[in-house]
Amino acid sequence: MALLNTPVLAAATAVSFGFYLAGLFVYRVFYHRLSHIPGPRLAAFTVYYQSYYDFFPHQGQFLWKLVELHKAYGPIIRIGPDEVHVNDARFYKEMYGSSVHKRNKSPIWYWMDGLGAVGDQSMFITLDHDHHRLRKAGLGTYFSKRKVQELEPRVKEKVLLLRQRLLERAGRGAINLKDAFGGMALDIITQYCFNQCMGALDRDDLGREWNQLMAAGVKINPFARTFPTVARTLLRLPKWVLGVSGMVSTTGEFLDLADRLSANARNEAIRDLQEGKYTLTDDADSRTVLHSMMRSDVLPEHEKGERRLQADGMTLIAAGFDTTSRTLTVVFYHLLAKPAMRARVLEEIRTLMPTPSSPLPTVAQLEQLPYLTCVIHEGTRLAHGVAGRLVRIAPEEDLVYHNSSDDTEYTIPRGATFGQSSYLVHTDESIYPNPHDFIPERYWSDDGKPTDAERYLVAFGKGTRMCSGINLAFAELYLTIAALLGAVDMKLAPGTTEHDVSLVAELFVGVLPESPGVRVNVVGSL
């Protein structure tokens, strides 16, 4: 009986646990299916290697640790017990698959799966390749280039409203462009998808509060990637409990916003369908993305439930807000900081918009302006879209990566998690010399032909999972640059520097510094 006293039990437990950890270390480092892939042994042993740089004490810094690891170990590295990271833009297309080569999303990264909230039933969070394909088909052509052109007046209306709001503030102090663009993007995505506008541009702060809310919401990601079960549990708690944690409560507030908008649009779609108001010949202005989904012949009825469609509503708002506003902020900083570049873009715009009061050209017309297009490409590159790695699983095939530098091959077995990061692709010096400089000319050769630089842009992803809203995003970029650059005289406020548009953390999306931001003083109309 004496052997069963507490100190002995504690010691026996500790020794047993130590043997377990030692055995686990030996297995994962030397005998695991990924043991042939180079990388730090500690990363192969535990996911908490990532957490040290991702969550605590260095929040959102693992992306830059990846840069160091690739320099030390080469283009393919093992960064977790069952995860591989590749830094090779030429292998990107193969990694992210096609309709024939299936790619599932990995639950290692998409911690929201199975939560019952935070969009876990959305198309974006859907892990299975075939299930995602079904849900994406339910959107129909709502984000196609033709549909975006059809609904372009909705976008133009908000772009011109932003221009009006900026001119109204002429001589009244500095304006934060990220807030202004965020308010416009929020109004556009809600009007475009739900035919209900958030009204951010009607507020005195141009929707700054909503900007801050959504920026705070992504702060949960490093914590949730480290402790997914804890994060899911917290988000299921009552709202009065969530209020204790600002990080979690802001996520809850964003969910409430998305739920209200998508629920209203879904109810309207149901009424219209019941009353026979919605047909294929309806005026485009009366349609919403929820109308398209509710009317879809592809989606089974259980895919049209309230929670399911609200989940897609949430992800549409989130996806249509941050990346567009961040890209516009990057573009306008560089245009305002570089007068010669600004003058060259304005010269092109003037061929379609001769005076500040001229009608705003169409997106189709603006797409024909080569230098403006190069500026937009460079803006998407340096804004990076989703800066963090997009992880996938190949469920039916092994991937073979050939390292051309030493003529070696590495097999990524089916079922293992792998990914690349847009930040590393976009800062690859072999593709983009001086990668941190804003150089639109890199997309055109001296003989006036496109270069390969555009081919490797991955701000919107690649493959079957690439961003559905790419056409809408480009429409916003073209129209906003033309509307503001062609009519508003503004200057960077003192103290605004390139640091204000440089990524300092990765919380799934790239994060700009906690500075006053890119601020401008509006002088008036040109």
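Quick reminder: no glycine exception, Cβ is built from N, Cα and C everywhere.
Feature annotations, courtesy of Swiss-Prot:
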type	residues	note
BINDING	CYS467	heme binding site
CARBOHYD	ASN403	N-linked glycosylation site
TRANSMEM	7-27	transmembrane segment
Chain-internal residues, separated by at least six, CB under 8 A from CYS467 (heme binding site): ALA319, GLY385, PHE460, GLY461, ALA473
DSSP three-state assignment for CYS467 (heme binding site): coil
CB contacts for ASN403 (N-linked glycosylation site) [other CB atoms within 10 A, all chains]: 16
